[in-house]
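One structure is given here, and the rest of the page talks about it.
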There are 2 protein chains.
Amino acid sequence: MSTVEQQLDDLQAEITSELPSDISVSSVKYEGPELVVYTRDPKEFAQQGDLIRKLASKLRKRITVRPDPSVLSRPNEAREEIMNVIPDEAGVTDLDFHADTGEVVIEAEKPGMVIGRHGSTLRDITKNVGWTPEVVRTPPIESSTVSNVRSFLKQERDERRDILEKVGRQIHREEMSDDEYVRISTLGCCREVGRAAFILSTPETRILIDCGDKPGAEGEVPYLHAPEAFGAGPETIDAVVLTHAHLDHSAFIPLLFKYGYDGPIYCTEPTRDLMGLLTLDYLDVAAKEGRTPPYDSEMVREAIKHCIPLEYGDVTDIAPDVKLTFHNAGHILGSAVSHFHIGDGLYNVCFSGDIHYDDTRLFNGAVNDFPRVETLVLESTYGGRNDYQTDQEDSEEKLKEVINETYEKGGKVVIPAFAVGRSQEIMLVIEEAMRNGEIPSMPVHLDGMIWEATAIHTTYPEYLRDELRDRIFHEDENPFLAEEFNHIDGGEEERQDVADGDQCIILSTSGMVTGGPIMSWLGHIGPDPESTMVFVGYQAQGTLGRRIQNGWDEIPTSEVGAMGGGNGRGTLALNLDVETVDGFSGHADRAGLENFVKTMNPRPEKVLCVHGDERSTQDLSSALYHDYNMRTFAPKNLETFRFL
Amino acid sequence: MSTVEQQLDDLQAEITSELPSDISVSSVKYEGPELVVYTRDPKEFAQQGDLIRKLASKLRKRITVRPDPSVLSRPNEAREEIMNVIPDEAGVTDLDFHADTGEVVIEAEKPGMVIGRHGSTLRDITKNVGWTPEVVRTPPIESSTVSNVRSFLKQERDERRDILEKVGRQIHREEMSDDEYVRISTLGCCREVGRAAFILSTPETRILIDCGDKPGAEGEVPYLHAPEAFGAGPETIDAVVLTHAHLDHSAFIPLLFKYGYDGPIYCTEPTRDLMGLLTLDYLDVAAKEGRTPPYDSEMVREAIKHCIPLEYGDVTDIAPDVKLTFHNAGHILGSAVSHFHIGDGLYNVCFSGDIHYDDTRLFNGAVNDFPRVETLVLESTYGGRNDYQTDQEDSEEKLKEVINETYEKGGKVVIPAFAVGRSQEIMLVIEEAMRNGEIPSMPVHLDGMIWEATAIHTTYPEYLRDELRDRIFHEDENPFLAEEFNHIDGGEEERQDVADGDQCIILSTSGMVTGGPIMSWLGHIGPDPESTMVFVGYQAQGTLGRRIQNGWDEIPTSEVGAMGGGNGRGTLALNLDVETVDGFSGHADRAGLENFVKTMNPRPEKVLCVHGDERSTQDLSSALYHDYNMRTFAPKNLETFRFL
Ligand SMILES: [Zn+2]
Ligand SMILES: [Zn+2]
Ligand SMILES: [Zn+2]
Ligand SMILES: [Zn+2]
Ligand SMILES: [Zn+2]
């Protein structure tokens with residue numbers, strides 16, 4: 001008998017002995033990081049309010065209870081019972097019964113009302129029908145990404161159960177080594193922004209954290225082939241942890257499966273969905289630009305199938321000697337500060353991922369409060385000594401001014417923006433300003449992936465700032481549903497209509513004017529001296545956005561591409577005003593980074609400054625050393641640091 | 001056609017075009033790092049004095065010329081001709097013809113006379129007989145190690161030729177990567193003494209430097225299984241470089257072959273022979289102590305078969321992008337400071353190995369003069385702030401005093417000593433003192449491996465200090481042949497006779513009184529109050545030597561072992577005097593280490609302090625940083641540093 005079998009047998013015996021004699025345990029199984037307890041008495045189990053919580057704390061495991069298939073009521077009967085228990089206002093949109101696991105997935109507009117106070121409604125469901133309910137939110141705005149991911153996972157249910165069982169056995173395997181160390185190897189993202197990838201390793205376990213591309217430098221991929229990465233074989237990597245969905249962290253996650261990786265990806269649920277959206281778009285863009293994509297969409301599906309979603313605050317075993325906890329990072333939807341607890345109190349490492357320290361309209365500021373942290377791996381995008389950003393309040397005032405001025409001139413406002421994060425932030429500013437009469441009410445057209453990204457945001461309001469979350473829960477207050485917002489889904493024809501029509505605001509991707517529908521808007525609106533283009537995000541060196549920002553007023557048609565048109569002489573005259581409003585960054589500025597560290601509880605002993613150019617990482621590293629007396633480093637790629 | 005075939009074809013064409021028309025080239029081949037040119041006109045080749053040198057500098061390769069087998073004269077005829085050319089005084093003891101390569105190995109007592117002025121006699125041999133002569137020294141003192149190694153290599157000649165050809169192709173393969181970096185990974189020997197092992201890597205090449213054990217901590221082996229070492233497979237290591245034969249650098253070299261390594265080991269010729277001696281003894285000791293040896297003697301033979309001996313100063317291609325040069329390290333016979341030149345002027349790394357900075361009786365001081373060095377990996381055994389040693393002159397005075405005092409009392413002097421290095425140094429001191437009448441002439445008994453190690457020293461006088469080398473060349477002045485020296489080869493019986501006999505000096509292994517014949521001497525001489533035990537080397541914590549040094553005067557018989565006897569009550573009374581004479585260390589002391597760096601030409605930019613305990617490496621690192629303004633590090637095991 002394998003040690004895992006033995007362990008499960010022992011656990012079953014222990015659980016049985018802890019339970020009242022009228023509750024039987026038919027089997028226990030690992031499913032990913034969870035221990036699933038099958039019982040022939042699910043109703044009795046549900047009756048005893050905090051039995052599961054007590055078991056979980058006694059066994060120090062995450063526990064799920066499911067009915068033994070033999071005692072399940074028939075789905076049709078169960079459906080009726082369930083609908084009786086759940087109040088009508090919950091807005092149930094789908095019920096999906098899985099006889100293999102005894103689970104019923106309930107999709108509802110108001111998941112909170114399905115759950116009930118402290119889970120009372122859920123318990124009532126089990127008490128009445130035996131099935132184990134699992135609740136997901138009906139997207140308030142229809143999202144093809146969310147519905148595709150959900151139906152794909154439903155379709156792959158069997159394989160996914162196998163994956164989870166395999167992962168569970170890996171996690172709960174016996175520890176083999178009696179050595180002790182903790183190491184971090186840098187595979188990218190050091191003294192540069194882009195291609196984030198780190199290996200966290202112990203004698204027992206190796207974890208890959210992020211695996212992104214480097215925008216504008218397609219050849220510079222993470223050093224995955226280094227011996228300390230996949231050189232020793234993909235099976236030597238226990239787990240992948242994805243801090244957030246931005247491509248500089250996620251682009252090559254699907255590639256890992258092409259390389260033979262077959263293990264779990266830990267991330268939040270919104271990160272999973274956004275990764276699907278962004279990597280598929282990444283493949284599209286590569287194909288359009290004539291580059292050979294490094295993997296195909298099949299690999300994106302593989303990646304999604306291997307995702308194990310974790311919520312902020314869940315302490316989760318991901319290896320025999322490693323517990324992972326995600327915390328809000330304030331950067332984009334689902335972005336996570338990733339805390340690793342190694343051994344039994346041996347060592348703690350925190351990867352900031354990308355963070356925003358202060359609250360924004362969309363998100364609460366990054367969490368920096370932990371039980372313990374010895375080493376912090378800190379992003380340094382704006383770590384340079386002069387990298388201070390304008391206050392968002394001032395930026396908002398300026399944006400409103402620009403909109404008002406353009407409106408008075410009779411022109412249109414075109415805002416190139418990233419689909420994920422910055423667009424929603426700007427939407428919130430505009431919606432409030434219109435509601436308060438600070439700017440005139442007019443159509444706000446959302447083009448490119450912005451609408452879809454917004455829909456994903458509204459699917460996961462728990463990941464948004466408290467006030468915003470509460471407003472989304474009340475349909476009539478959901479700011480993203482304001483009547484001014486219009487989804488451009490009619491293609492070039494609709495764009496032509498908008499261009500020919502009344503004053504309006506246009507938010508469109510790509511954010512650096514390097515492709516996408518913004519090229520079309522440039523063709524339509526560019527020549528109009530009454531209109532204004534407003535840059536609200538960082539424009540990288542070498543992008544068209546940067547050149548427009550710097551004063552280019554004639555663009556070769558070849559730059560604008562097929563969508564942009566031109567004037568027949570091969571150039572496009574840019575007569576519109578160009579304005580820059582910064583302060584909407586998703587990244588902490590220098591002050592934010594210092595505050596994150598300064599107020600961090602507890603203070604880390606060591607800080608590795610990464611995800612910033614050479615100057616930023618070195619400036620930040622030396623400032624933290626001098627001001628807070630920490631041991632700090634600005635690593636290079638391909639180095640390995642040992643702690644302990 | 002492979003790129004190597006193509007390369008060889010091109011080389012053959014180029015060489016042919018460089019040669020006079022009467023010299024043909026029948027083929028060219030790689031043999032390890034050398035390019036071997038086969039010709040049907042060896043005599044004509046030999047006539048043109050510096051043709052080979054010119055070719056070598058033109059092609060930037062090490063070149064050997066050999067006769068095409070078709071033109072070889074018959075060995076019997078050749079033998080006669082060769083003996084005519086070589087002067088009788090050369091003392092030829094063996095001629096060995098190898099028709100497969102056209103080489104004749106000439107073993108002679110005075111190799112210099114076989115070579116002739118600037119190689120003139122060698123050239124004469126080729127001119128007369130066509131065969132290519134190779135010269136080795138007849139050991140002035142018979143050494144079973146040397147003769148075993150030589151006859152083993154002769155017997156394995158065919159396989160060895162295959163190995164060399166394979167290595168040659170590896171070295172001259174085409175470079176695949178266009179990335180550039182230089183990295184050092186630490187697998188052992190950091191913040192500790194023992195288990196030396198480092199990986200030097202570029203995008204193209206990975207080199208293992210040393211692979212030793214940790215005396216007194218058998219479980220602590222180098223981290224060979226780490227992904228950056230053999231985790232990615234033994235075939236990912238291009239070459240092994242062995243700095244010297246001490247077990248803390250060499251013990252696990254044979255183990256590599258058990259793990260599937262099949263590449264070259266670069267070391268000096270004496271290091272190869274001493275490694276054979278010491279690793280076989282290591283297996284013996286392990287067996288005697290009831291430990292399972294990690295490999296068997298077959299693996300020692302594998303290792304020896306894969307050795308490619310290099311001489312000090314030879315600049316040798318060992319990978320497409322790495323040239324290795326050994327320099328005298330002054331530490332033990334054949335010990336080498338290893339200089340790596342990477343890329344074409346890209347970067348230079350120097351591994352000190354173990355060094356002695358000042359001249360000793362046995363060796364010239366370590367070389368610290370190089371064309372270029374950016375990073376130095378420096379041993380730090382005595383790097384602590386107070387690690388200053390007595391001057392050797394003072395130590396010698398003290399040793400002579402102790403000998404004289406003991407002589408006057410009528411006792412014997414017992415000196416536990418390491419077989420390699422320290423024993424020979426003490427022998428030289430004693431020989432000179434007796435010759436000058438500073439101490440009375442009396443028998444000096446050499447027990448354990450000391451005699452054998454001494455014989456190996458006299459086989460390679462080129463590796464000894466100039467003055468000593470010159471004396472060994474004149475048989476009547478060879479200090480190791482002084483009549484006072486007696487090899488204990490009669491076992492316990494002889495020891496009993498010596499113990500019962502007149503006053504004498506005994507040098508015996510092991511150096512830390514942890515086993516070997518010194519245990520027997522302890523039993524014989526220990527109870528005698530007239531005698532003295534003199535410690536001349538470092539006694540590690542936990543060894544019996546250390547405890548005796550600290551004043552133990554009764555030893556449990558169990559400690560002394562079978563050889564030592566006892567008094568029947570289970571203890572052995574130690575009545576002899578105990579003296580410590582330091583200053584004979586093979587390691588530079590703190591001043592020597594600083595001098596090595598201070599006078600180094602050029603000064604390195606970065607220094608990694610290794611091969612010392614935590615305090616020593618950190619003291620030395622911080623001193624070098626403050627005093628010489630270098631970037632210094634005291635790495636931990638399992639870290640990776642990137643340069644460039
Ligand atoms: Zn990001
Ligand atoms: Zn970013
Ligand atoms: Zn990022
Ligand atoms: Zn040594
Ligand atoms: Zn050593």
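Note that Cβ sites are derived from N, Cα and C of the backbone, with glycine treated the same way.
Given the structure is predicted, the values throughout are model-derived calculations rather than measurements.
Record check, TrEMBL: Zn(2+) 1 site residues include B:His244, B:His246, B:Asp354, and the candidate from B:His225, B:His327, B:His331, B:His339 also listed there is B:His331. TrEMBL names B:Asp248, B:His249, B:Asp354 for binding Zn(2+) 2. Of B:His524, B:His611, the residue it gives for the same site is B:His611.
Within the listed segments B:527-585, B:586-644, TrEMBL records region 'Metallo-beta-lactamase C-terminus' for the stretch B:586-644.
In terms of DSSP helix, strand and coil, the region 'KHa' (B:5-72) has 32 helix, 17 strand, 19 coil. In this structure, B:His246, B:Asp354 are the binding-site residues from B:His246, B:Asp354, B:His611 whose C-beta falls under 6 Å of some atom of ligand 4. Averaged across the domain 'Beta-Casp' (B:423-548), the predicted model reaches a pLDDT of 93. Neighbours of the Zn(2+) 2 site: apart from B:Asp248, B:His249, B:Asp354, B:His611, residues of the same chain with C-beta atoms within 8 angstroms of the site's C-beta centroid are B:Cys189, B:Val193, B:Gly194, B:Ala196, B:Asp210, B:Gly212, B:Thr243, B:His244, B:His246, B:Gly353, B:Glu379, B:Thr381. Between the alpha carbons (Cα) of B:His249 (Zn(2+) 2 binding site) and B:Asp354 (Zn(2+) 1 binding site) lies a span of roughly 9 Å. Each residue contributes its Cα atom, and for B:Asp248 (Zn(2+) 2 binding site) and B:Asp354 (Zn(2+) 1 binding site) those atoms are 10 Å apart.
Cβ neighbour count for B:Asp354 (Zn(2+) 1 binding site): 27 (other Cβ atoms within 10 Å of its Cβ, all protein chains included). A Cα-Cα distance of 8 Å separates B:Asp354 (Zn(2+) 1 binding site) from B:His611 (Zn(2+) 2 binding site). The Cβ of B:His244 (Zn(2+) 1 binding site) lies under 8 Å from the Cβ of B:Ser250, B:Cys267, B:Thr271, B:Leu274, B:Ala329, B:His331, B:Ile332, B:Gly334, B:Ser335, B:Ala336, B:Gly353, B:Asp354, each of which sits 6+ residues away along the same chain.
Applying an 8 A CB threshold to same-chain residues 6+ apart, the list for B:His611 (Zn(2+) 2 binding site) reads B:Cys189, B:Val193, B:Ala196, B:Asp354, B:Glu379, B:Ser380, B:Thr381, B:Thr617.
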